[in-house]
């Protein structure tokens, strides 16, 4: 009889199916199957939810909450769906495996809460202004009191018999929580994190998060025993633990952080000691009686945020925890949730009541406090919906309440649905009611070809990673010219905003520097493991050795919207040229490999919305794999001239490069023989032909004036595309080709794979065309501009722009 009611514990490993053992009857292979199943289901759902125009974090939240038959993969893992299939439930999630599953899930959650604590900065809490503090207090108080009122209604209907005090506190905490990590990702993906409203929301959410954990500790202490003295003892011991962490552990962690120097690997013993400390803190708080998660969260808050130590810790932990172990916690929660308990009319009415009170308390309290603090009504409404965001912390509170027998199945399901609904509505409503205006002053020099040739040339040079740096610096060096006002380069590192904690950590670190996305201090916003410091050092070293002003910048955004950052930055920095990297990189065998179609689409969108000229660099190693000093620059540059505005822009850029003593410029002007078929794809107008003739006439004068032979002019007669291809391949020594994007010529290849490069550039980017780098240039055309992303306003309505050339290498930048 005992064997029928108490199943035998599972052994760890099997002898294999050939020995007659089923892997589903052993703990390790079963846990592996469960992890794989969960990861596949959650990632598949996140992929399917992309077309809903929600930030990716919303997909994670939906995955987190077993709420809907249509949007929740964990619906298949609970009693409501596949969980009803007893054979499937007993085979994949047998009762014997639940202890192992829960243990793995809580270990993952333990380290994830440590990462959440790392995202919170106590120094920023001390700097919280009166507005944010008032909003935070109102956003906690009103929903907490409404939660108390809601608990009274629930206790008289579906939660009869539960203890009053713990239930009251749990309901108040559940309704008053704002999910700090989820809010950070929503703000970042909506590009609101750098705005005033984003800064207020983040400051208020940080205060809210700390207060929620204090209230949660109180709720856990009250739920653990019926004796008030025991609960008081638990709270006092927890307070002592926090004090020990603050005054004993924090200085030790700070010492390890100080010994972790920039540009050097962090010692393995420091990483091991810190992760062991997280586990030990979890053990202590679990022994106290306030849950192991509390200890990990407190250690995360105590971690120093300066230097590379915190960034390296995040890099070491985040992928394993967020990718594999954390989803197990969602499964563990999903197996406890049965939405079918919400079946009667009373249950659905209570669900509506809970959602209404949650929204009324959080949104209403935030709006009321905002209006009192003189925040405009539109911003106040936006803040209300942002502060109503729930997330993983909400799910933790509900699960602890269920484990402590404070919440029954029906109450738990109602609260989970409430959390899902309030989070899901945040993004579409905020997008509908608030769109921060991007403003910039109008400016004159939007292209390289200009009458005022002595004016400063401003370039926004974008790059994906450190492999682009040598060619980029060598190209900048070649472009500096000899004019009194030379070149100012804004070197923008394009980084995809991922769902990793490190991505938000980067944004927070930039925000602490005063201007998010654009770093205005010498420390990089990029964790040391990603090579960000080396990138900044490379630009700083180049600036010290040259007459070029270089200002490193970082744009962290989703690839679908990062073009907005590029276009806005170009407008606000008054750039004449946006320099973009090609979406293909050079392999050892000389072929070109794509790094992703998303990057190609980024280039296409920048071309569509750019307020100035745009150039796409096909990098085949200009100057080799290292930066070349100014005295050693020796490049041969060739301009392919067919006619039209883009070719004139390419020629203007080439003539500027020819001012460098180490550059030899060759201009190949293609003309067609009389009476032969034209190689032109379009018939150019009289104005274009006149401008081309004037440009060639000025070029001939420059060639005649050139005493050192640095500028050469050749006419190539070509009647068909075969003649053009033959002439291009006949260029013996060339390091860089300059071509126009809209060259009026028929496609030189069988097809145009990259329309953003045009007919000539697309051929030159092919693997078998040339071994030289190619710069494809499109001149700014005001008549062809799409709907602008930036609103032009009078300059006196803006904050001061970046300093003029010759100023500091890191200027004060306007936020996006």
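Along the chain as shown, the residues are counted starting at 1.
Here the Cβ of each residue, glycine as well, is placed from N, Cα and C on the backbone.
Look at TrEMBL and you will find 48-430 tagged as domain 'Cation/H+ exchanger transmembrane'.
Annotation comment: TrEMBL describes 484-631 as domain 'Cation/H(+) antiporter central'.
Here the domain 'Cation/H(+) antiporter C-terminal' (634-780) has a mean pLDDT of 83 out of 100. The domain 'Cation/H(+) antiporter C-terminal' annotation in TrEMBL covers 634-780.
Residues or ranges marked as transmembrane segment by TrEMBL: 26-45 (among others).
For 57-77 (among others), the entry in TrEMBL reads transmembrane segment.
For 97-120 (among others), the entry in TrEMBL reads transmembrane segment. Outside the transmembrane segment (97-120) by six or more residues, the chain places 10, 27, 30-31, 34-35, 180-181, 184, 206, 209-210, 275, 278-279, 282, 292-293, 296-303, 305, 310, 313-314, 317-318, 321-322, 324-329, 331-332, 335, 392-393, 396, 501, 504-505, 508 with a CB less than 8 A from a CB of the stretch.
Among the features that TrEMBL reports, transmembrane segment is placed at 132-154 (among others).
TrEMBL lists 166-188 (among others) with the feature transmembrane segment.
Tertiary neighbourhood of the transmembrane segment (200-224): same-chain residues 120-121, 124-125, 128-129, 131-133, 135-137, 139-140, 144, 163, 165-166, 169-170, 172-173, 176-180, 183-184, 187, 192-193, 230-232, 234-235, 238, 289-291, 294, 297, 301, 366, 375, 383, 386-387, 393, 397, 400-401, 404-406, 511, selected by CB-CB distance under 8 Å and a gap of 6+ residues from either end. Positions annotated as transmembrane segment by TrEMBL: 200-224 (among others).
As annotated by TrEMBL, transmembrane segment applies to 230-249 (among others).
Per TrEMBL, transmembrane segment is recorded for 270-303 (among others).
Within the chain, the transmembrane segment (348-373) has long-range Cβ neighbours (under 8 A, six or more residues past its boundaries) at 130-131, 134-135, 137-147, 149-150, 153-154, 157-158, 175-176, 178, 204, 342, 379-381, 383-385, 387-388, 414-415, 417-418, 421-422. The transmembrane segment annotation in TrEMBL covers 348-373 (among others).
Taken from TrEMBL, the feature transmembrane segment applies to 412-434 (among others).
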Listed stretches 166-188, 230-249, 270-303 vs the transmembrane segment (132-154), most Cβ pairs under 8 Å: range 166-188
Per DSSP, how many helix, strand and coil residues does the domain 'Cation/H(+) antiporter C-terminal' (634-780) have?
52 helix, 34 strand, 61 coil
Positions whose Cβ lies under 8 angstroms from the transmembrane segment (166-188), at least six residues beyond its ends
55-58, 61, 116, 119-120, 139-141, 143-148, 150-151, 154-155, 159, 198, 201-202, 204-206, 208-209, 212, 215-216, 218-219, 222-223, 354, 357-358, 361-362, 386-394, 397-398, 401, 404, 406-407, 415, 419, 423, 426-427, 430, 497, 499, 501, 503-504, 507-508, 556-557
